[in-house]
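Engineer: Here it is: the structure, laid out below.
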(Lines of atoms letter the chains of each structure in order from A; the text may use other names.)
(Lines give C-alpha, C1' and ligand atoms only; values in the text may rest on other atoms or scores of the structure.)
Protein backbone atom coordinates (compact mmCIF):
# COMPACT_ATOMS: atom_id res chain seq x y z
CA UNK A 1 0.00 0.00 0.00
CA UNK A 2 0.97 3.61 -0.41
CA UNK A 3 -0.37 7.12 0.04
CA UNK A 4 -1.99 9.08 -2.77
CA UNK A 5 -3.11 12.71 -2.98
CA UNK A 6 -4.71 14.28 -6.02
CA UNK A 7 -6.59 17.39 -7.05
CA UNK A 8 -8.34 18.00 -10.36
CA UNK A 9 -10.04 21.06 -11.78
CA UNK A 10 -7.76 23.79 -10.43
CA UNK A 11 -6.30 26.78 -12.24
CA UNK A 12 -2.52 27.03 -12.69
CA UNK A 13 -1.43 23.68 -11.13
CA UNK A 14 2.31 24.55 -11.31
CA UNK A 15 1.71 27.40 -8.87
CA UNK A 16 0.09 24.92 -6.42
CA UNK A 17 2.85 22.29 -6.59
CA UNK A 18 4.76 23.36 -3.48
CA UNK A 19 1.62 23.54 -1.34
CA UNK A 20 0.46 20.08 -2.37
CA UNK A 21 3.91 18.61 -1.82
CA UNK A 22 3.66 19.85 1.77
CA UNK A 23 0.22 18.23 2.16
CA UNK A 24 1.53 14.96 0.73
CA UNK A 25 4.18 14.84 3.47
CA UNK A 26 1.34 14.16 5.90
CA UNK A 27 0.99 10.76 4.16
CA UNK A 28 4.69 9.89 4.10
CA UNK A 29 4.37 7.36 6.92
CA UNK A 30 2.36 5.28 4.43
CA UNK A 31 5.09 5.35 1.78
CA UNK A 32 8.59 5.95 3.13
CA UNK A 33 10.36 4.45 0.09
CA UNK A 34 9.79 7.17 -2.53
CA UNK A 35 7.82 10.33 -3.26
CA UNK A 36 6.50 11.23 -6.70
CA UNK A 37 4.64 14.19 -8.18
CA UNK A 38 3.01 14.87 -11.54
CA UNK A 39 1.76 18.34 -12.43
CA UNK A 40 -0.71 18.36 -15.31
CA UNK A 41 -2.84 20.85 -17.20
CA UNK A 42 -5.64 20.94 -14.64
CA UNK A 43 -4.48 18.77 -11.78
CA UNK A 44 -1.73 17.35 -9.58
CA UNK A 45 -1.10 13.70 -8.63
CA UNK A 46 1.21 12.85 -5.72
CA UNK A 47 2.33 9.46 -4.44
CA UNK A 48 4.14 8.24 -1.33
CA UNK A 49 5.42 4.75 -2.08
CA UNK A 50 5.80 1.59 -0.04
CA UNK A 51 7.63 -0.74 -2.43
CA UNK A 52 6.49 -4.39 -2.28
CA UNK A 53 6.07 -5.50 -5.92
CA UNK A 54 8.20 -4.10 -8.75
CA UNK A 55 10.53 -2.73 -6.10
CA UNK A 56 13.19 -1.40 -8.50
CA UNK A 57 10.97 0.00 -11.25
CA UNK A 58 7.53 0.76 -9.87
CA UNK A 59 7.86 4.38 -8.72
CA UNK A 60 4.67 6.41 -9.16
CA UNK A 61 2.83 8.29 -10.53
CA UNK A 62 2.99 5.97 -13.53
CA UNK A 63 2.86 7.57 -16.97
CA UNK A 64 1.75 5.93 -20.24
CA UNK A 65 4.09 5.62 -23.21
CA UNK A 66 2.47 8.61 -24.91
CA UNK A 67 2.57 10.68 -21.73
CA UNK A 68 -1.18 11.26 -21.79
CA UNK A 69 -2.43 8.95 -19.02
CA UNK A 70 -1.08 9.37 -15.50
CA UNK A 71 -1.86 7.00 -12.63
CA UNK A 72 -1.41 6.97 -8.84
CA UNK A 73 -2.41 3.76 -7.03
CA UNK A 74 -2.54 2.62 -3.43
CA UNK A 75 -2.72 -1.16 -3.17
CA UNK A 76 -1.99 -4.43 -4.92
CA UNK A 77 -3.48 -6.02 -8.04
CA UNK A 78 -3.17 -9.77 -7.51
CA UNK A 79 -4.25 -10.78 -11.01
CA UNK A 80 -2.00 -8.33 -12.84
CA UNK A 81 -0.09 -11.04 -14.73
CA UNK A 82 -3.31 -12.61 -16.02
CA UNK A 83 -4.58 -9.19 -17.03
CA UNK A 84 -1.36 -8.39 -18.86
CA UNK A 85 -1.76 -11.61 -20.84
CA UNK A 86 -5.19 -10.50 -22.07
CA UNK A 87 -3.79 -7.32 -23.59
CA UNK A 88 -1.64 -8.98 -26.23
CA UNK A 89 1.95 -8.55 -27.30
CA UNK A 90 1.43 -5.08 -28.77
CA UNK A 91 1.16 -3.54 -25.28
CA UNK A 92 4.51 -2.75 -23.71
CA UNK A 93 5.13 -2.11 -20.03
CA UNK A 94 7.68 0.28 -18.59
CA UNK A 95 7.83 -1.28 -15.11
CA UNK A 96 7.26 -4.51 -13.20
CA UNK A 97 4.62 -2.84 -11.05
CA UNK A 98 1.41 -4.80 -10.61
CA UNK A 99 -0.47 -1.48 -10.89
CA UNK A 100 0.75 -0.42 -14.35
CA UNK A 101 -1.74 -2.78 -16.02
CA UNK A 102 -4.51 -0.30 -15.10
CA UNK A 103 -3.31 2.13 -17.80
CA UNK A 104 -3.75 -0.14 -20.86
CA UNK A 105 -6.94 -1.56 -19.33
CA UNK A 106 -8.32 1.97 -19.16
CA UNK A 107 -7.43 2.59 -22.80
CA UNK A 108 -9.19 -0.61 -23.82
CA UNK A 109 -12.13 -0.83 -21.41
CA UNK A 110 -12.50 2.71 -20.02
CA UNK A 111 -13.81 2.71 -16.43
CA UNK A 112 -15.22 -0.82 -16.85
CA UNK A 113 -11.68 -1.90 -15.97
CA UNK A 114 -12.54 -1.64 -12.27
CA UNK A 115 -14.61 -4.83 -12.20
CA UNK A 116 -11.71 -6.71 -13.82
CA UNK A 117 -9.29 -6.00 -10.98
CA UNK A 118 -8.72 -8.59 -8.25
CA UNK A 119 -7.01 -6.93 -5.36
CA UNK A 120 -7.10 -4.18 -2.78
CA UNK A 121 -6.72 -0.77 -4.35
CA UNK A 122 -7.70 2.83 -4.61
CA UNK A 123 -6.49 4.87 -7.56
CA UNK A 124 -6.75 8.18 -9.33
CA UNK A 125 -6.19 8.20 -13.10
CA UNK A 126 -5.73 11.43 -15.07
CA UNK A 127 -6.36 11.41 -18.81
CA UNK A 128 -4.81 14.44 -20.53
CA UNK A 129 -5.60 13.26 -24.07
CA UNK A 130 -9.08 14.81 -23.87
CA UNK A 131 -10.34 18.36 -23.32
CA UNK A 132 -11.24 19.07 -20.62
CA UNK A 133 -8.91 16.58 -18.96
CA UNK A 134 -10.64 13.66 -17.30
CA UNK A 135 -10.16 11.97 -13.93
CA UNK A 136 -11.51 8.63 -12.82
CA UNK A 137 -11.06 7.40 -9.26
CA UNK A 138 -11.99 4.07 -7.73
CA UNK A 139 -11.80 2.01 -4.55
CA UNK A 140 -11.70 -1.76 -4.09
CA UNK A 141 -14.99 -3.65 -3.54
CA UNK A 142 -14.96 -3.77 0.28
CA UNK A 143 -12.78 -0.77 1.10
CA UNK A 144 -9.67 -2.53 2.34
CA UNK A 145 -7.70 0.52 1.21
CA UNK A 146 -8.71 3.95 2.42
CA UNK A 147 -9.77 6.82 0.15
CA UNK A 148 -11.39 10.18 0.86
CA UNK A 149 -12.95 12.65 -1.58
CA UNK A 150 -13.33 16.34 -0.86
CA UNK A 151 -14.51 19.68 -2.22
CA UNK A 152 -13.60 23.24 -1.28
CA UNK A 153 -15.80 26.32 -1.43
CA UNK A 154 -12.60 28.31 -2.02
CA UNK A 155 -11.95 26.38 -5.24
CA UNK A 156 -15.32 25.66 -6.88
CA UNK A 157 -15.06 22.97 -9.52
CA UNK A 158 -12.03 21.30 -7.94
CA UNK A 159 -12.20 17.73 -6.62
CA UNK A 160 -9.70 16.33 -4.13
CA UNK A 161 -8.71 12.74 -3.29
CA UNK A 162 -6.47 11.41 -0.53
CA UNK A 163 -5.63 8.14 1.18
CA UNK A 164 -6.10 9.85 4.53
CA UNK A 165 -8.25 12.59 5.97
CA UNK A 166 -5.32 14.59 7.35
CA UNK A 167 -4.19 15.74 3.89
CA UNK A 168 -7.64 17.23 3.14
CA UNK A 169 -8.86 18.80 6.38
CA UNK A 170 -7.14 22.14 5.76
CA UNK A 171 -8.25 22.27 2.12
CA UNK A 172 -11.81 20.98 2.02
CA UNK A 173 -14.99 21.95 3.84
CA UNK A 174 -16.86 18.91 2.53
CA UNK A 175 -15.24 15.47 2.83
CA UNK A 176 -16.62 11.95 2.39
CA UNK A 177 -15.19 8.49 2.71
CA UNK A 178 -15.19 7.40 -0.92
CA UNK A 179 -17.64 4.48 -1.23
CA UNK A 180 -16.04 1.04 -1.74
CA UNK A 181 -16.80 -0.74 -4.99
CA UNK A 182 -17.50 2.53 -6.81
CA UNK A 183 -15.87 4.56 -9.57
CA UNK A 184 -15.96 8.35 -10.00
CA UNK A 185 -15.85 10.01 -13.43
CA UNK A 186 -15.17 13.75 -13.76
CA UNK A 187 -16.69 13.73 -17.24
CA UNK A 188 -20.20 13.74 -15.79
CA UNK A 189 -19.39 14.06 -12.04
CA UNK A 190 -20.91 10.60 -11.50
CA UNK A 191 -20.05 8.03 -8.86
CA UNK A 192 -21.39 4.57 -9.76
CA UNK A 193 -21.13 1.13 -8.23
CA UNK A 194 -19.13 -1.33 -10.32
CA UNK A 195 -19.08 -4.15 -7.72
CA UNK A 196 -22.18 -6.27 -8.35
CA UNK A 197 -21.95 -9.53 -6.36
CA UNK A 198 -24.94 -11.84 -6.09
CA UNK A 199 -25.25 -11.29 -2.33
CA UNK A 200 -25.16 -7.47 -2.30
CA UNK A 201 -28.90 -6.88 -1.82
CA UNK A 202 -29.18 -9.29 1.08
CA UNK A 203 -29.93 -6.43 3.48
CA UNK A 204 -32.48 -4.63 1.30
CA UNK A 205 -35.50 -3.34 3.22
CA UNK A 206 -37.83 -4.81 0.63
CA UNK A 207 -37.35 -8.11 -1.19
CA UNK A 208 -33.88 -8.88 0.20
CA UNK A 209 -31.83 -11.50 -1.65
CA UNK A 210 -31.45 -14.28 0.90
CA UNK A 211 -28.73 -16.92 0.98
CA UNK A 212 -29.95 -20.47 0.30
CA UNK A 213 -26.85 -22.41 -0.86
CA UNK A 214 -25.97 -25.50 1.23
CA UNK A 215 -22.49 -25.37 2.70
CA UNK A 216 -19.75 -27.08 0.68
CA UNK A 217 -16.90 -27.52 3.17
CA UNK A 218 -14.33 -28.42 0.54
CA UNK A 219 -15.18 -25.40 -1.61
CA UNK A 220 -15.09 -23.10 1.41
CA UNK A 221 -11.66 -24.40 2.43
CA UNK A 222 -10.11 -24.37 -1.04
CA UNK A 223 -11.39 -20.88 -1.85
CA UNK A 224 -9.80 -19.49 1.31
CA UNK A 225 -6.56 -21.32 0.54
CA UNK A 226 -6.51 -19.73 -2.92
CA UNK A 227 -7.14 -16.31 -1.35
CA UNK A 228 -4.11 -16.69 0.91
CA UNK A 229 -1.95 -18.03 -1.91
CA UNK A 230 -2.51 -15.02 -4.19
CA UNK A 231 -1.74 -12.63 -1.32
CA UNK A 232 1.75 -14.01 -0.89
CA UNK A 233 2.73 -12.02 -4.01
CA UNK A 234 5.68 -10.07 -2.62
CA UNK A 235 9.31 -9.20 -3.32
CA UNK A 236 9.99 -8.23 0.30
CA UNK A 237 9.91 -10.07 3.67
CA UNK A 238 6.42 -10.86 4.97
CA UNK A 239 4.76 -12.43 7.97
CA UNK A 240 1.41 -13.08 9.64
CA UNK A 241 -0.41 -11.43 12.52
CA UNK A 242 -1.26 -14.23 14.93
CA UNK A 243 -3.61 -13.67 17.85
CA UNK A 244 -4.19 -17.36 18.49
CA UNK A 245 -7.85 -17.01 17.58
CA UNK A 246 -9.50 -19.00 14.82
CA UNK A 247 -9.21 -16.47 11.99
CA UNK A 248 -5.58 -15.42 12.29
CA UNK A 249 -4.50 -18.98 13.07
CA UNK A 250 -6.16 -20.38 9.95
CA UNK A 251 -4.54 -17.70 7.79
CA UNK A 252 -1.18 -18.47 9.40
CA UNK A 253 -1.65 -22.21 8.86
CA UNK A 254 -2.42 -21.80 5.17
CA UNK A 255 0.40 -19.29 4.71
CA UNK A 256 2.88 -21.64 6.40
CA UNK A 257 1.88 -24.48 4.07
CA UNK A 258 2.14 -22.24 1.01
CA UNK A 259 5.48 -20.81 2.09
CA UNK A 260 6.86 -24.31 2.49
CA UNK A 261 5.60 -25.28 -0.98
CA UNK A 262 7.30 -22.26 -2.53
CA UNK A 263 10.54 -22.92 -0.68
CA UNK A 264 10.51 -26.60 -1.65
CA UNK A 265 9.87 -25.73 -5.30
CA UNK A 266 12.71 -23.21 -5.27
CA UNK A 267 15.07 -25.76 -3.75
CA UNK A 268 14.13 -28.44 -6.27
CA UNK A 269 14.58 -25.98 -9.13
CA UNK A 270 18.06 -25.15 -7.88
CA UNK A 271 18.90 -28.82 -7.61
CA UNK A 272 17.73 -29.44 -11.19
CA UNK A 273 19.76 -26.53 -12.48
CA UNK A 274 22.81 -27.77 -10.61
CA UNK A 275 22.38 -31.29 -11.99
CA UNK A 276 22.05 -29.95 -15.55
CA UNK A 277 25.23 -27.94 -15.24
CA UNK A 278 27.29 -30.69 -13.63
CA UNK A 279 28.76 -33.58 -15.61
CA UNK A 280 29.67 -36.90 -14.10
CA UNK A 281 27.82 -39.43 -11.99
CA UNK A 282 24.49 -38.46 -10.39
CA UNK A 283 24.51 -36.82 -6.97
CA UNK A 284 24.08 -39.47 -4.26
CA UNK A 285 20.77 -39.50 -2.37
CA UNK A 286 20.77 -37.28 0.73
CA UNK A 287 20.75 -39.04 4.06
CA UNK A 288 18.18 -38.04 6.68
CA UNK A 289 20.52 -35.67 8.54
CA UNK A 290 21.46 -33.83 5.36
CA UNK A 291 17.80 -33.48 4.39
CA UNK A 292 16.91 -32.18 7.85
CA UNK A 293 19.68 -29.59 7.61
CA UNK A 294 18.42 -28.55 4.19
CA UNK A 295 14.87 -28.19 5.49
CA UNK A 296 16.08 -26.05 8.39
CA UNK A 297 17.75 -23.65 5.96
CA UNK A 298 14.53 -22.97 4.01
CA UNK A 299 12.76 -19.64 4.49
CA UNK A 300 10.27 -19.87 7.34
CA UNK A 301 7.13 -17.89 7.96
CA UNK A 302 7.38 -15.31 10.74
CA UNK A 303 4.41 -14.74 13.04
CA UNK A 304 3.74 -11.84 15.38
CA UNK A 305 1.50 -11.42 18.41
CA UNK A 306 0.95 -8.85 21.14
CA UNK A 307 -0.76 -8.73 24.51
CA UNK A 308 -0.54 -7.86 28.15
CA UNK A 309 1.49 -10.24 30.30
CA UNK A 310 -0.08 -13.74 30.20
CA UNK A 311 -3.01 -12.54 28.08
CA UNK A 312 -5.26 -15.10 26.33
CA UNK A 313 -3.96 -14.11 22.89
CA UNK A 314 -0.29 -14.47 23.77
CA UNK A 315 -0.78 -17.92 25.24
CA UNK A 316 -2.93 -19.16 22.35
CA UNK A 317 -0.66 -17.63 19.70
CA UNK A 318 2.36 -19.30 21.25
CA UNK A 319 0.63 -22.66 21.00
CA UNK A 320 -0.46 -22.08 17.39
CA UNK A 321 3.01 -20.89 16.33
CA UNK A 322 4.68 -23.94 17.90
CA UNK A 323 2.29 -26.23 16.07
CA UNK A 324 2.78 -24.46 12.72
CA UNK A 325 6.54 -24.15 13.04
CA UNK A 326 6.63 -20.40 12.44
CA UNK A 327 9.42 -18.16 13.66
CA UNK A 328 7.35 -16.52 16.36
CA UNK A 329 7.76 -13.07 17.87
CA UNK A 330 5.62 -11.92 20.77
CA UNK A 331 5.51 -8.49 22.32
CA UNK A 332 4.22 -7.62 25.77
CA UNK A 333 2.84 -4.15 26.34
CA UNK A 334 1.57 -2.48 29.49
CA UNK A 335 -1.71 -0.69 29.98
CA UNK A 336 0.20 2.57 30.43
CA UNK A 337 2.05 2.12 27.13
CA UNK A 338 -1.29 1.62 25.44
CA UNK A 339 -2.80 4.69 27.08
CA UNK A 340 0.19 6.79 26.08
CA UNK A 341 -0.27 5.73 22.44
CA UNK A 342 -3.99 6.56 22.17
CA UNK A 343 -3.58 10.16 20.87
CA UNK A 344 -1.22 8.93 18.14
CA UNK A 345 -3.57 6.06 17.34
CA UNK A 346 -6.52 8.43 16.91
CA UNK A 347 -4.38 10.71 14.72
CA UNK A 348 -3.66 7.83 12.37
CA UNK A 349 -7.12 6.20 12.54
CA UNK A 350 -8.99 9.47 11.97
CA UNK A 351 -12.06 8.19 13.82
CA UNK A 352 -13.59 8.46 17.28
CA UNK A 353 -15.18 5.01 17.23
CA UNK A 354 -14.51 3.37 20.59
CA UNK A 355 -14.21 -0.24 19.41
CA UNK A 356 -11.80 0.73 16.62
CA UNK A 357 -9.55 2.68 18.99
CA UNK A 358 -9.58 -0.14 21.55
CA UNK A 359 -8.52 -2.77 19.03
CA UNK A 360 -6.17 -0.56 17.01
CA UNK A 361 -3.89 0.43 19.87
CA UNK A 362 -2.22 -3.00 20.34
CA UNK A 363 -2.09 -3.42 16.53
CA UNK A 364 -0.42 0.00 16.21
CA UNK A 365 2.20 -0.91 18.82
CA UNK A 366 2.84 -4.31 17.23
CA UNK A 367 3.19 -2.82 13.73
CA UNK A 368 6.02 -0.60 14.90
CA UNK A 369 7.91 -3.64 16.17
CA UNK A 370 7.28 -5.59 12.97
CA UNK A 371 8.47 -2.78 10.69
CA UNK A 372 11.62 -2.40 12.79
CA UNK A 373 12.47 -6.01 11.90
CA UNK A 374 12.44 -5.19 8.18
CA UNK A 375 9.07 -6.80 7.41
CA UNK A 376 6.87 -4.78 5.04
CA UNK A 377 3.79 -6.97 4.60
CA UNK A 378 1.64 -9.14 6.88
CA UNK A 379 -1.45 -11.26 6.44
CA UNK A 380 -4.32 -10.62 8.83
CA UNK A 381 -7.67 -12.20 9.66
CA UNK A 382 -10.15 -9.33 9.36
CA UNK A 383 -13.55 -9.97 7.80
CA UNK A 384 -14.40 -13.47 8.99
CA UNK A 385 -16.67 -12.33 11.82
CA UNK A 386 -18.76 -10.17 9.51
CA UNK A 387 -19.01 -12.80 6.77
CA UNK A 388 -19.87 -15.69 9.07
CA UNK A 389 -21.66 -13.93 11.93
CA UNK A 390 -18.80 -14.54 14.33
CA UNK A 391 -19.44 -11.73 16.79
CA UNK A 392 -21.14 -13.27 19.76
CA UNK A 393 -24.05 -10.85 19.64
CA UNK A 394 -25.13 -12.75 16.51
CA UNK A 395 -26.31 -15.46 18.92
CA UNK A 396 -29.26 -13.19 19.64
CA UNK A 397 -30.43 -13.12 16.00
CA UNK A 398 -34.16 -13.89 15.99
CA UNK A 399 -34.05 -15.95 12.77
CA UNK A 400 -31.80 -16.93 9.87
CA UNK A 401 -33.04 -14.14 7.59
CA UNK A 402 -32.14 -11.51 10.19
CA UNK A 403 -28.78 -13.22 10.71
CA UNK A 404 -27.98 -13.03 6.99
CA UNK A 405 -29.12 -9.43 6.65
CA UNK A 406 -26.86 -8.43 9.54
CA UNK A 407 -23.90 -10.23 7.92
CA UNK A 408 -24.45 -8.31 4.68
CA UNK A 409 -24.77 -5.03 6.55
CA UNK A 410 -21.58 -5.68 8.49
CA UNK A 411 -19.59 -6.61 5.38
CA UNK A 412 -20.79 -3.49 3.59
CA UNK A 413 -19.59 -1.37 6.51
CA UNK A 414 -16.22 -3.03 7.05
CA UNK A 415 -14.49 0.01 5.59
CA UNK A 416 -15.67 2.09 8.56
CA UNK A 417 -14.22 -0.21 11.24
CA UNK A 418 -12.08 -3.34 10.82
CA UNK A 419 -10.68 -2.46 7.39
CA UNK A 420 -9.94 1.05 8.58
CA UNK A 421 -8.17 -0.37 11.64
CA UNK A 422 -6.15 -2.94 9.69
CA UNK A 423 -5.11 -0.37 7.11
CA UNK A 424 -4.30 2.67 9.20
CA UNK A 425 -2.83 1.13 12.36
CA UNK A 426 -0.32 -0.79 10.25
CA UNK A 427 0.33 1.86 7.59
CA UNK A 428 1.14 4.32 10.39
CA UNK A 429 4.53 2.57 10.28
CA UNK A 430 4.67 1.71 6.57
CA UNK A 431 3.49 -1.89 7.06
CA UNK A 432 0.96 -3.36 4.63
CA UNK A 433 -1.80 -5.67 5.90
CA UNK A 434 -3.51 -8.06 3.47
CA UNK A 435 -6.82 -9.69 4.34
CA UNK A 436 -7.60 -13.02 2.59
CA UNK A 437 -11.12 -13.34 4.05
CA UNK A 438 -12.18 -10.35 1.94
CA UNK A 439 -11.18 -11.98 -1.32
CA UNK A 440 -13.93 -11.52 -3.93
CA UNK A 441 -14.16 -15.25 -4.72
CA UNK A 442 -14.29 -16.23 -1.05
CA UNK A 443 -16.99 -13.64 -0.39
CA UNK A 444 -19.06 -15.01 -3.28
CA UNK A 445 -18.90 -18.50 -1.76
CA UNK A 446 -19.28 -17.64 1.92
CA UNK A 447 -21.93 -14.93 1.65
CA UNK A 448 -24.25 -17.20 -0.33
CA UNK A 449 -24.22 -20.03 2.23
CA UNK A 450 -27.60 -20.54 3.85
CA UNK A 451 -27.59 -18.57 7.12
CA UNK A 452 -29.16 -21.55 8.88
CA UNK A 453 -25.77 -23.24 8.47
CA UNK A 454 -24.00 -20.27 10.09
CA UNK A 455 -26.29 -19.75 13.06
CA UNK A 456 -25.44 -20.81 16.59
CA UNK A 457 -27.61 -23.78 17.55
CA UNK A 458 -29.57 -22.85 20.67
CA UNK A 459 -31.50 -26.13 20.81
CA UNK A 460 -29.53 -28.59 22.94
CA UNK A 461 -30.41 -31.42 20.54
CA UNK A 462 -28.71 -29.56 17.68
CA UNK A 463 -25.80 -28.02 19.64
CA UNK A 464 -23.42 -30.92 18.98
CA UNK A 465 -22.52 -32.34 15.57
CA UNK A 466 -21.99 -35.98 14.66
CA UNK A 467 -18.32 -35.75 15.68
CA UNK A 468 -19.15 -34.32 19.07
CA UNK A 469 -18.08 -30.78 18.14
CA UNK A 470 -20.10 -27.81 19.43
CA UNK A 471 -22.04 -25.90 16.78
CA UNK A 472 -20.58 -22.62 17.99
CA UNK A 473 -19.96 -19.36 16.14
CA UNK A 474 -18.23 -19.83 12.74
CA UNK A 475 -18.90 -23.55 12.99
CA UNK A 476 -18.82 -24.07 9.22
CA UNK A 477 -15.34 -22.51 8.94
CA UNK A 478 -14.02 -24.64 11.79
CA UNK A 479 -15.59 -27.75 10.27
CA UNK A 480 -14.12 -26.98 6.82
CA UNK A 481 -10.60 -27.03 8.26
CA UNK A 482 -11.10 -29.89 10.72
CA UNK A 483 -9.33 -32.31 8.40
CA UNK A 484 -5.88 -33.72 7.64
CA UNK A 485 -4.75 -33.03 4.07
CA UNK A 486 -1.49 -34.84 3.44
CA UNK A 487 -1.80 -36.32 6.93
CA UNK A 488 -1.29 -33.05 8.83
CA UNK A 489 -4.10 -31.12 10.55
CA UNK A 490 -4.36 -27.40 9.94
CA UNK A 491 -4.51 -26.51 13.63
CA UNK A 492 -4.67 -28.11 17.08
CA UNK A 493 -8.23 -28.78 18.21
CA UNK A 494 -7.81 -26.33 21.10
CA UNK A 495 -7.19 -23.51 18.62
CA UNK A 496 -9.56 -24.61 15.88
CA UNK A 497 -12.43 -24.79 18.37
CA UNK A 498 -11.40 -21.84 20.58
CA UNK A 499 -14.30 -19.49 21.32
CA UNK A 500 -14.35 -15.99 19.87
CA UNK A 501 -12.41 -13.26 21.68
CA UNK A 502 -12.74 -9.62 20.66
CA UNK A 503 -9.15 -8.57 19.80
CA UNK A 504 -9.27 -5.75 22.34
CA UNK A 505 -10.30 -8.35 24.98
CA UNK A 506 -7.91 -11.08 23.89
CA UNK A 507 -4.81 -8.92 24.31
CA UNK A 508 -5.72 -8.78 28.01
CA UNK A 509 -8.99 -8.05 29.81
CA UNK A 510 -7.41 -5.26 31.87
CA UNK A 511 -6.72 -3.28 28.68
CA UNK A 512 -10.31 -2.11 28.27
CA UNK A 513 -10.67 -1.64 32.01
CA UNK A 514 -7.55 0.54 31.91
CA UNK A 515 -9.01 2.76 29.17
CA UNK A 516 -12.27 3.13 31.08
CA UNK A 517 -10.49 4.00 34.34
CA UNK A 518 -8.29 6.53 32.58
CA UNK A 519 -11.32 8.14 30.93
CA UNK A 520 -13.16 8.30 34.27
CA UNK A 521 -10.25 10.26 35.74
CA UNK A 522 -10.04 12.53 32.68
CA UNK A 523 -13.73 13.38 32.20
CA UNK A 524 -15.55 15.08 35.05
CA UNK A 525 -19.16 14.30 35.89
CA UNK A 526 -20.04 17.92 35.12
CA UNK A 527 -18.51 17.81 31.62
CA UNK A 528 -20.09 14.45 30.93
CA UNK A 529 -23.54 15.72 31.88
CA UNK A 530 -23.24 18.41 29.19
CA UNK A 531 -22.05 16.06 26.43
CA UNK A 532 -25.23 16.42 24.35
CA UNK A 533 -24.81 20.19 24.26
CA UNK A 534 -21.28 19.80 22.92
CA UNK A 535 -21.99 16.95 20.54
CA UNK A 536 -25.69 16.83 19.60
CA UNK A 537 -24.83 14.34 16.83
CA UNK A 538 -23.15 11.05 17.79
CA UNK A 539 -23.32 12.04 21.46
CA UNK A 540 -20.86 9.95 23.53
CA UNK A 541 -22.70 7.56 25.84
CA UNK A 542 -19.74 6.72 28.10
CA UNK A 543 -16.81 8.63 29.55
CA UNK A 544 -14.52 6.46 27.42
CA UNK A 545 -16.32 7.64 24.28
CA UNK A 546 -16.18 11.25 25.54
CA UNK A 547 -12.42 10.97 26.15
CA UNK A 548 -11.78 9.58 22.65
CA UNK A 549 -14.00 12.21 21.01
CA UNK A 550 -12.20 14.95 22.90
CA UNK A 551 -8.85 13.81 21.49
CA UNK A 552 -10.30 13.46 17.99
CA UNK A 553 -11.70 17.00 18.03
CA UNK A 554 -8.35 18.36 19.15
CA UNK A 555 -6.68 16.71 16.15
CA UNK A 556 -9.45 17.22 13.59
CA UNK A 557 -11.62 20.14 14.76
CA UNK A 558 -13.63 20.61 11.58
CA UNK A 559 -17.20 19.44 11.20
CA UNK A 560 -16.23 17.95 7.82
CA UNK A 561 -13.75 15.63 9.55
CA UNK A 562 -16.24 14.51 12.22
CA UNK A 563 -18.82 13.60 9.60
CA UNK A 564 -16.50 10.93 8.13
CA UNK A 565 -16.43 8.89 11.38
CA UNK A 566 -18.84 5.98 11.90
CA UNK A 567 -19.49 4.26 15.24
CA UNK A 568 -19.48 0.45 15.58
CA UNK A 569 -22.34 -0.79 17.79
CA UNK A 570 -24.14 -4.14 18.14
CA UNK A 571 -27.82 -4.58 17.30
CA UNK A 572 -29.69 -2.93 20.14
CA UNK A 573 -33.00 -4.34 18.90
CA UNK A 574 -31.62 -7.85 19.52
CA UNK A 575 -31.31 -7.11 23.23
CA UNK A 576 -27.51 -6.81 23.11
CA UNK A 577 -25.36 -4.83 25.51
CA UNK A 578 -24.90 -1.16 24.57
CA UNK A 579 -21.15 -1.53 25.14
CA UNK A 580 -19.48 -1.17 21.71
CA UNK A 581 -17.85 -4.59 21.68
CA UNK A 582 -18.20 -7.72 19.62
CA UNK A 583 -18.90 -9.74 22.74
CA UNK A 584 -22.30 -10.84 23.87
CA UNK A 585 -21.48 -10.71 27.56
CA UNK A 586 -24.02 -13.17 28.94
CA UNK A 587 -23.30 -15.81 26.29
CA UNK A 588 -19.55 -15.25 26.43
CA UNK A 589 -19.36 -15.52 30.21
CA UNK A 590 -21.65 -18.54 30.32
CA UNK A 591 -19.40 -20.34 27.84
CA UNK A 592 -16.37 -19.79 30.05
CA UNK A 593 -18.19 -20.80 33.23
CA UNK A 594 -18.66 -24.24 31.64
CA UNK A 595 -14.90 -24.81 31.28
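Placement of Cβ uses the backbone N, Cα and C atoms for every residue, glycine included.
Annotations in TrEMBL come from automatic prediction, not curation.
Note that the structure is a prediction, hence the values are computed from the model and not measured.
Sharing the feature lines straight out of TrEMBL:
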- 2-189: domain 'Glutamine amidotransferase type-2' (DOMAIN)
- 2: active site, for GATase activity (ACT_SITE)
- 98: L-glutamine binding site (BINDING)
- 241, 306, 380, 381: ATP binding site (BINDING)
- 382: site 'Important for beta-aspartyl-AMP intermediate formation' (SITE)
Engineer: How far apart, in Å, are the two Cα atoms that lie farthest from each other among 241, 306, 380, 381, the residues recorded as binding ATP?
Structural biologist: 15
Engineer: Between 98, 382, which of the recorded positions has the fewest other CB atoms within 10 angstroms in the structure shown?
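Structural biologist: It is 98 that, of the recorded positions 98, 382, has the fewest other Cβ atoms within 10 Å.
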Engineer: Any idea what the Cα distance is from residue 2 (active site, for GATase activity) over to residue 380 (ATP binding site), rounded to a whole Å?
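Structural biologist: Approximately 18 Å lies between the Cα of residue 2 (active site, for GATase activity) and that of residue 380 (ATP binding site).
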Engineer: Can you tell me which of the recorded positions 306, 380, 381, 382 is spatially closest to residue 98 (L-glutamine binding site)? Compare CA atoms only.
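Structural biologist: Closest recorded candidate to residue 98 (L-glutamine binding site) by Cα: 380.
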Engineer: Suppose you look only at the domain 'Glutamine amidotransferase type-2' (2-189); what would the mean pLDDT be?
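Structural biologist: Here the mean pLDDT over the domain 'Glutamine amidotransferase type-2' (2-189) amounts to 95.
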Engineer: In whole Å, note down how far the CA of residue 382 (site 'Important for beta-aspartyl-AMP intermediate formation') lies from the CA of residue 241 (ATP binding site).
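Structural biologist: The separation of the Cα atoms works out to 10 Å.
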Engineer: Any idea what the Cα distance is from residue 306 (ATP binding site) over to residue 382 (site 'Important for beta-aspartyl-AMP intermediate formation'), rounded to a whole Å?
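Structural biologist: Cα-Cα, rounded: 16 Å.
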Engineer: Here are some binding-site residues: 306, 380. Which one has the most Cβ atoms within 10 Å of its Cβ?
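Structural biologist: Answer returned by the neighbour count: 306.
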Engineer: With Cβ-Cβ distance below 8 Å and at least 6 positions apart along the chain, what are the contacts of residue 381 (ATP binding site)? List them in sequence order.
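Structural biologist: Result: 241, 243, 245, 247, 248, 250, 251, 435, 437.
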